[in-house]
Amino acid sequence: MTDTRNGEDNGKLLYCSFCGKSQHEVRKLIAGPSVFICDECVDLCNDIIREEVQEAQAESSAHKLPSPKEISGILDQYVIGQERAKKVLAVAVYNHYKRLNQRDKKADDVELGKSNILLIGPTGSGKTLLAETLARLLNVPFTIADATTLTEAGYVGEDVENIIQKLLQKCDYDVEKAQMGIVYIDEIDKISRKSDNPSITRDVSGEGVQQALLKLIEGTVASVPPQGGRKHPQQEFLQVDTRNILFICGGAFSGLEKVIQNRSTKGGIGFNAEVRSKEEGKKVGESLREVEPDDLVKFGLIPEFVGRLPVLATLDELDEAALMQILTEPKNALTKQYAKLFEMEGVDLEFRSDALKSVAKRALERKTGARGLRSILEGVLLDTMYEIPSQSEVSKVVIDESVIEGKSKPLYIYENSEPAAKAAPDA
């Protein structure tokens, strides 16, 4: 029935049949058979439908678990090299979520354990990026924690349960979603025991944190304050079961290769001793591939903690060729990102191959891996990004080796200019 109230001159004042607003209170009133609907109600209906569609898509994608090969293939789009680590991660993550998908089905006598992961590799080799990409691929909540900020409960610093609180924040405190999430704990090697021998002094940021993390990683019900804040007795807590949360720990473990080499090298004295030259020494990545749980214990992790991380994946050091690939090949490659920024100003950005090689060399010298690439490019392009928005006539910027080495300025090519391009003005 048409909703009309109080006549107006020759016509009747029309009202929305859903919210009751008059035609003067809304921008548009759409007529139907004996009903009217305003533009505000149409927008509200669209929002409701959009939310339901997104939830249905998320639910269907959660049930469809990609195979290990598919997981590895997607990782290839973002992470260069590290094939062995990708394979280990793909299998471990696939088995973990396969276990979760089967948990509601008819149980038998076989109980599948959780396979938490330990990533070992040099700085800038892709540990964090691998974990982030996995979480994005699986559409699950993901958070990163820094092990160096953690302390035992009762001491100044972050409590280990703050990790779960961060995970809850990522999914708007939806406990069910959080219990299916992934937690990446970085710098895990920094909480190694300070010495092999137990000390009478309390190690609240080393072995103490390992002890505190044990139950959380293995599986426990953590009490987390709602909406953050510190705990107090009168407060209600959110109960989060961590049994199904996948924990990935990562660290550079600098010096671990020496522990491995000492174990694997058979020493001797006298005429029968084996003499090794320095050239025969293995690269760090090659040594790390031979890591065993006992090596991690000697490094400073307690045996119980090592036992909670049954899946080990090692990452290799990135060489010059790999760094050049990282600059150009991944979906989110740095050269593509900067080219996009310049494109927004209507300018083409070109990196010559010798420039990319020079950037890779400088990153190797800094020993920061892929992490150092952005800071190098940011420094090189700073003046150009400062000038370009004020120079509408520039159509292209060319970066070569001499620019990276600081010997010359980037080459600016102007619209309607002759083939010989002008050099960039001094800053």
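Using N, Cα and C of the backbone, Cβ positions are placed for all residues, glycine too.
Going by Swiss-Prot, these are the annotated features:
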- Cys16, Cys19, Cys38, Cys41: Zn(2+) binding site (BINDING)
- Pro122, Thr123, Gly124, Ser125, Gly126, Lys127, Thr128, Leu129: ATP binding site (BINDING)
- 4-57: domain 'ClpX-type ZB' (DOMAIN)
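Separation of the C-alpha atoms of Ser125 (ATP binding site) and Cys41 (Zn(2+) binding site): 51 Å, rounded to the nearest whole number. A coil conformation is recorded for Gly126 (ATP binding site) in the three-state DSSP classification, outside any helix or strand.
For Gly124 (ATP binding site), other Cβ atoms within 10 Å of its Cβ number 23.
A simple Cβ count within 10 Å picks out one of the binding-site residues Cys19, Cys38, Leu129 as the most packed, and that one is Cys38. Distance noted between the C-alpha atoms of Gly126 (ATP binding site) and Cys41 (Zn(2+) binding site) is 48 Å. Neighbour density for Thr123 (ATP binding site): within 10 A of its CB lie 16 other CB atoms from the protein chains shown.
With respect to Cys38 (Zn(2+) binding site), the closest of these binding-site residues in Cα terms is Thr128, chosen from Pro122, Gly124, Thr128. Cβ contacts within 10 Å of Ser125 (ATP binding site), excluding its own Cβ and spanning all protein chains shown: 27. Ranking the binding-site residues Cys16, Cys19, Cys41 by the distance of their Cα atoms from the Cα of Lys127 (ATP binding site) places Cys41 first.
Most Cβ neighbours within 10 Å, among the binding-site residues Cys16, Cys41, Pro122, Gly126, Lys127: Gly126 holds that distinction in the structure as shown.
Of all Cβ atoms in the shown protein chains, 16 besides its own fall within 10 Å of the Cβ of Thr128 (ATP binding site).
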